[in-house]
Amino acid sequence: MTDEQERVQPSGVWATAVGVARVRALETERENALFRDPLAQAFATAGGLWPSSPPLPDDEAARRRRLTVSFSIVIRTKFLDDLLQQASASGVRQVVLLGAGMDSRAFRMDWPEGTRLFEVDTAAPLDFKASVLRQERADARCERITVAVDLREDWPGALAAVGHDPAVPTVWIAEGLLIYLPEDAVELLLARISAQSAAGSRMGLTLGSRGVIERFGADAAPGSAASMWVSEMPDDPVGWLAGHGWEADSHTLRERAAAYGRPISTPPQREERPGGLISAVRR
């Protein structure tokens, strides 16, 4: 039986990772792409989202919201790519992707010799991903280690068991993850990250902006990403992270989009609050 025949199709929260892959595949096709993800189309195809996908809603407001989510995925991907490159340039050689989904950075980015990249996720998405990687004959550009564990369980122990060393700096990435976790789970996750982080560690987070659940969740289709969002960012994300021992900067989507040459033409609908694109350093 082939990988394609054995492959378990995406469902639940992790199915949203295939939708993210579709967005990255579309960006990759652009002449002025902010990044290139050669594996994204294969992930989207395997998940049934390429070349076709669910049509945009008829309602104009709902259509704009869908396009906004796709745009935010492109900008956050570029933001975290840059953060990872900066961390590598500073000498960090351990990378942990929490809720890794269909992330292909181990395959599409250039890594310094000695880099170890840990992908933490549950078994189902990791197995799905592995079957696509075999099909594509993909070779990682660094030492890639998968860690099949639920983030509600003892993932630090599972990470240590495969060689993560908390005594040396790590760069942690939680991309498109925290918005799916209740606030107490977010606090526990951050406490666990902090406990495994030596001085000089880096962290990149994406947080749901204040009010995003109300704006996007009201008419979200069952099973859609927005229908599963449960938490938003604190009013003061920089202060929140300082309380956990991190020196952080927050950036808005609008700010980063302009910096990347993709300015948002429409004026903000409300007063700009602290942004949900977070970079942080462990002191």
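Glycine is no exception: its Cβ is also placed from the backbone N, Cα and C atoms.
What you are looking at is a predicted structure, and each value in this text was computed from that prediction instead of being measured.
Counting every protein chain shown, the number of other Cβ atoms lying within 10 Å of the Cβ of ASP121 (S-adenosyl-L-methionine binding site) is 27. Residues or ranges marked as S-adenosyl-L-methionine binding site by Swiss-Prot on the basis of similarity to another entry: ASP121, ASP150, LEU151.
The region 'Disordered' feature in Swiss-Prot is assigned to 258-283.
Counting every protein chain shown, the Cβ of LEU151 (S-adenosyl-L-methionine binding site) has 19 other Cβ atoms within 10 Å.
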